[in-house]
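Chemist: Before I ask anything, here is the structure I am working with.
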Amino acid sequence: MSRLSHQDLRRGFRELIASNSCYHTASVFDPMSARIAADLGFEVGILGGSVASLQVLAAPDFALITLSEFAEQATRIGRVAQLPVIADADHGYGNALNVMRTVVELERAGIAALTIEDTLLPAQFGRKSTDLISVAEGVGKIRAALEARVDPELAIIARTNAGILPVQEIISRTQQYERAGADAICMVGIRDFEQLEQISEHLSVPLMLVTYGNPALRDDARLAELGVKIAVDGHAAYFAAIKATYDCLREQRQIFTQASDLSATELAHTYTQPEEYIVWAKEFMSVKE
């Protein structure tokens with residue numbers, strides 16, 4: 001059986017974002033899930049940073065995973081993936097020079113596209129975790145990513161948080177990332193089509209939205225009209241896998257108490273122990289809630 005090469009998959013991703021349709025991502029977190037997603041007909045998958053942290057570290061999404069750990073998981077997926085996979089590369093694991101290293105490692109892993117976000121990560125001493133870096137630094141990261149890639153088919157996607165910025169600032173940021181050469185713009189936190197339309201009319205590159213299933217954005221035809229080619233609804237498959245594992249093991253142990261009947265969200269919270277990290281952040285980093 002013929003297999004698609006990494007470059008074939010990257011070309012395939014380019015075709016998706018050049019089309020007139022909006023495609024929803026499958027959450028892929030290991031080789032098996034990548035094969036399942038492709039077999040079920042998904043056109044594109046995504047390895048989420050939060051999911052990688054859960055899968056590799058059993059840790060909450062506090063930017064604790066390292067580039068090496070993330071790239072190793074991406075490589076495992078890349079060995080078998082027969083659909084284009086987007087890597088959520090967070091902040092590029094450091095400054096612009098770290099971003100270059102990130103691109104090198106993820107390109108070798110076989111990733112078709114990667115997002116670099118402008119959130120100030122990891123959380124800084126005395127700063128909120130939602131703070132953003134300056135536009136100038138964000139532009140530098142995108143330019144560095146483009147410089148580092150060897151295969152021009154690898155898509156570099158600039159990501160920003162539209163949920164915490166005024167519309168005009170979102171427009172300004174994303175326009176500058178576009179001018180820096182980003183192949184697409186990813187936004188998280190878009191509220192509705194009105195806000196999306198205000199922003200999209202100022203951009204010419206394809207858009208990617210992290211919607212987390214926002215019901216106000218459930219119209220694929222309208223998303224496509226506004227330039228959205230990729231929609232990320234979340235990572236339900238991963239959380240369903242956690243739930244299935246827990247329920248299977250619970251049944252083996254014959255534990256059927258009401259207190260043990262936990263939802264996937266409750267399980268993730270229980271076993272990643274975020275309270276510990278919050279306490280440590282307050283104690284060692286002066287981070288206020």
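Placed from the backbone N, Cα and C atoms, the Cβ positions cover glycine too.
Sharing the feature lines straight out of Swiss-Prot:
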{"type": "BINDING", "residues": "Ser50, Arg159, His235", "note": "substrate binding site"}
{"type": "BINDING", "residues": "Asp88", "note": "Mg(2+) binding site"}
Chemist: Near Ser50 (substrate binding site), which residues of its chain come within a Cβ-Cβ distance under 8 Å, counting only those 6 or more away in sequence?
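Modeler: When sequence neighbours closer than 6 are ignored, Ser50 (substrate binding site) has Asp61, Asp88, His235 within Cβ distance under 8 Å.
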Chemist: Out of Arg159, His235, which of these binding-site residues shows the lowest number of other CB atoms within 10 Å of its CB?
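Modeler: Output over binding-site residues Arg159, His235: least Cβ neighbours within 10 Å is His235.
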Chemist: What is the maximum Cα to Cα distance, in Å and rounded to a whole number, among the residues Ser50, Arg159, His235 annotated as binding substrate?
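Modeler: 18 Å is the greatest Cα spacing among the residues binding substrate.
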Chemist: DSSP secondary structure for His235 (substrate binding site), reduced to helix/strand/coil, please.
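Modeler: For His235 (substrate binding site) - judged by DSSP and reduced to three states - the answer is coil.
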